[in-house]
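In what follows, a structure is listed as structure tokens, so that the remarks can point back to it.
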Amino acid sequence: MFSTSDQVSKMNSRILSALLILGIATCVIAGGFCPKSRHPQCNLSYKINDCCAQSDCRVGSVCCVEGCGNVCRAESDTPLGEKFVDGSECKHGHVFPKKWYQFW
């Protein structure tokens, strides 16, 4: 037969396992926020995209939309900037605006 201490031990290990899984899931989902944009306005006639997905950035960084293109920035605790949405239209590198004759 099981003693009361064995039952308590099993219950404690289940609770700790559940808390561990919850903690890991929270870290994976949290993702972080973009800090305030350094350059909200861009004086260039083109953009330079360093990232086109969150996976393009290192751990602890987030792909953020800036005035002159998307860049990887260190995560912030507060949502002050604009985070790039995975799946949005994006092209890596220098992106020039279309000329009038390229729209057709």
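The backbone N, Cα and C atoms fix where each Cβ goes, glycine too.
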Residue among C52, C57, C63 that, according to Swiss-Prot, closes a disulfide with C90: C52
Selected from C42, C51, C57: Swiss-Prot disulphide partner of C68: C42
Swiss-Prot annotation, disulfide partner of C64 among C27, C34: C34
Collapsed DSSP category at C57 (disulfide bond): coil
Neighbouring C-beta atoms (10 Å sphere around the C-beta of C51 (disulfide bond)): 21
Spatial neighbour of C64 (disulfide bond) that is closest, considering only the disulfide-bonded residues C42, C57, C72 and their CA atoms: C72
